[in-house]
């Protein structure tokens with residue numbers, strides 16, 4: 001199985017600031033990388049698919065980049081509602097595996 005690694009398990013940033021969350025794959029996943037957001041109430045939403053394509057309804061404050069084995073999610077102009085856990089998933093090879101998640105806390 002392809003191993004997905006998010007080296008930062010938690011981070012905090014201030015309202016209005018920018019954060020970047022990284023994810024690495026144990027082998028080339030050819031840009032088949034998705035980012036999910038899990039809110040504290042358990043709600044899960046797809047944010048970005050195929051590295052950089054924004055899912056319908058997701059604000060343009062969210063963006064993704066990367067290639068081969070290294071990927072990132074950037075959130076600009078942080079809002080209180082961005083407090084959540086963000087996880088990457090590779091969709092290149094079954095089973096489609098997830099990173100361990102990065103929990104983001106927003107400082108007022």
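Just so you know, glycine gets a Cβ as well, placed from its N, Cα and C.
Noted in Swiss-Prot for the protein shown:
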DISULFID  23-88  disulfide bond
REGION    1-23  region 'Framework-1'
REGION    24-34  region 'Complementarity-determining-1'
REGION    35-49  region 'Framework-2'
REGION    50-56  region 'Complementarity-determining-2'
REGION    57-88  region 'Framework-3'
REGION    89-97  region 'Complementarity-determining-3'
REGION    98-107  region 'Framework-4'
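Put simply, of 1-23, 24-34, 35-49, 50-56, the stretch with the most CB pairs closer than 8 A to the region 'Complementarity-determining-3' (89-97) is 24-34. Sequence-distant contacts of residue 88 (disulfide bond), defined as residues of its own chain at least six apart whose C-beta falls under 8 angstroms from its C-beta, comprise 4, 6, 23, 33, 34, 35, 36, 71, 73, 98, 99. In this chain, the region 'Framework-1' (1-23) lies close to the region 'Framework-3' (57-88): three or more C-beta pairs between them fall below 8 angstroms, excluding pairs fewer than 6 positions apart.
Applying DSSP to the region 'Framework-2' (35-49) sorts its residues as follows: 0 helix, 10 strand, 5 coil.
Counting every protein chain shown, the Cβ of residue 23 (disulfide bond) has 30 other Cβ atoms within 10 Å.
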